[in-house]
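This report concerns only the one structure given below.
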Amino acid sequence: MGDLITEYTERLQQQELQIQALSGEIESLKNSQNPGSSARLEELMEENSRLKYRFNILNRALQEERTRCGYAMLNISQRLQEIFGLTIRTSYPELENPPLALAPNQQPKFGDYQCNSAMAMAQMLKAKGMKANPREIAERIIRNLPDNELIQKTEIAGPGFINIHLKRAFVSKLLSKLLINGVTPPPLTSRKRVVVDFSSPNIAKEMHVGHLRSTIIGDSMSRLFEFLGHDVLRLNHVGDWGTQFGMLIAHLQDKFPDYLTVSPPISDLQGFYKESKKRFDEDDGFKKRAYQCVVKLQSKEPDFIKAWNLICDVSRQEFQKIYDCLDIKLIERGESYYQDLMTQVVKEAEDRGFVQLDEGRKIIFAPGQSVPLTIVKSDGGYTYDTSDLAAIHQRLFEEKADIIIYVTDSGQSSHFQVVFAAAQMLGWYDPKVTRVEHAGFGVVLGEDKKKFKTRSGDTVRLMDLLGEGLKRCMDKLKEKERDKVLSPDELVKAQRAVAFGCIKYADLSHNRINDYVFSFDKMLDDRGNTAAYLLYAFTRIRSIARLANINEATLRKEAESTEILLDHEKEWKLGKCILRFPEVLQKIQDDLLLHSLCDYVYELATTFTEFYDSCYCVEKDRQTGEVVKVNMWRMLLCDATAAIMAQCFHILGLNPVERM
């Protein structure tokens, strides 16, 4: 079906070009008689009309097939772009890559979407020496629009804006499909292997607030790609190798000499690290022994591997407490995982003539990069550069990744730029085929707008931060007297949902590229764009069905037979907002900016409030308080809103509860 449409589109474009050429020829010869050209023009125009008629039939059949096919949610914006893109190319085949500018209309009274391509097309035509009026271009586009399932009518405004009004019946049908099939991802053209590298704490060091953003953002990106249907590998590239392990092992041997037979009781790993570092800096004898331990560890001597594993295990247990609180799933592959591969990577770079010697170091200069990668130090050891090259090689060739995303602070952007350039130089991947991207983020600031630290100036421990969040959240719940209406178990669930949800949402709701101010007071405020507000709003929406004594099974059954009317302006606004979910996901997949999803779910919640304030869903007897009337299609709109909000929460890593 799609191939036939492509064939007819190409033929239409050829016909249009011939018609234009003949029209120009006739115009230039209008004072002379040339019946041959005129007859040829009429013949072409007749065939062109037949082709357009056949094209419209095929296009309509394809649209119907798409509507019936599968359970995937339709991306309305993308579908409109397909329709207008095809129409623009058919209407103006002489333009190569004509612009397509289509977006939701900011003023609903002028329509639902707007196509703003005519002005840019006019400039392109003028550059070719052709007369072009944007309104006339818009008129031709509208004339050539094929029959379709989405568009009720179009209007031209101003210099050539095309306002698009959607069919209410079609929007209603999409909402019913959503309720029957559930919230499903948009159609997936091809399933990709996606590697997301995030969190990445260092062994023997506690996780602090600096790891918070990477962990939260990386998890949410992984959830997004998983929901869209991709094969996602969540990697924790921990710092578990290097010279610091020499001093840690040497200190372990001194402090717990029987570590090989009795597991050492290291409860304060941060203190243990500081003790060993102090000895390393002040005691030359200890420093020398630490370097010897590094050599023995790299030689994989069993006693030193055991000591290394003991230290790593203590760290893993502490990391896992954080991940359990935040509901984070990760596969650990630290720097040690790539040690053997580093030798191969260095050899390949040498064999291919990319390595230069610089004062005993082996370096690589990538095209367009002023700073080289040091892949072998002067003492023969490897570096972070070597391990990152080995990691990207493994992900490309062994994992066969189509997309690789590194979620680290923006300060590492120049480093990754060089690594990516070197990998391309080595021929490991083509950026036009494989997407390799650094998703950088700003730092967390305190309310004084300075880097977030404790009052004593120390880095904030992440576990302390989460504990403080739990305490403040419980205080807030008790202030609202929720402890009087919720069971102890429900109260704890609400506490954890709000506390951890607020910490995550406060991070994700800000553009990750920018720094953001960490404030418990703001994030726990149940007014405005916060997780506290959204979680409470979700709970209220869910309670509407309980108020009407309608269970989930009844709603599913009603969705199959009840038409969702969208006559009231607030019903129409809410219906359209619900169905924008797929296009929001598409935008985030393209730019990896998750605050767009936060903005969307907040807009959805506030749009629902407008609807609920204007349109009754459940009518009660004023005297008895009993439910006397239920508006079923509005109940279905409530259910659809809650379903989309729940999926947004899942992608953002929030865990809503039914009662709060």
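For all residues, glycine too, the Cβ spot is worked out from N, Cα and C.
In TrEMBL, annotation is done automatically, which means it is predicted and not curated.
Positions annotated as coiled coil by TrEMBL: 5-61. What TrEMBL lists as domain 'Arginyl tRNA synthetase N-terminal' is 78-166. Residues or ranges marked as domain 'DALR anticodon binding' in TrEMBL: 534-660.
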Self-check item: Number of helical, extended and coil residues in the domain 'Arginyl tRNA synthetase N-terminal' (78-166), per DSSP
Solution: 37 helix, 19 strand, 33 coil
Quiz item: When the domain 'DALR anticodon binding' (534-660) is classified with DSSP, how many of its residues are helical, how many are strand and how many are coil?
Solution: 86 helix, 7 strand, 34 coil
Quiz item: Across the domain 'DALR anticodon binding' (534-660), what does the pLDDT come to on average, as a whole number?
Solution: 94
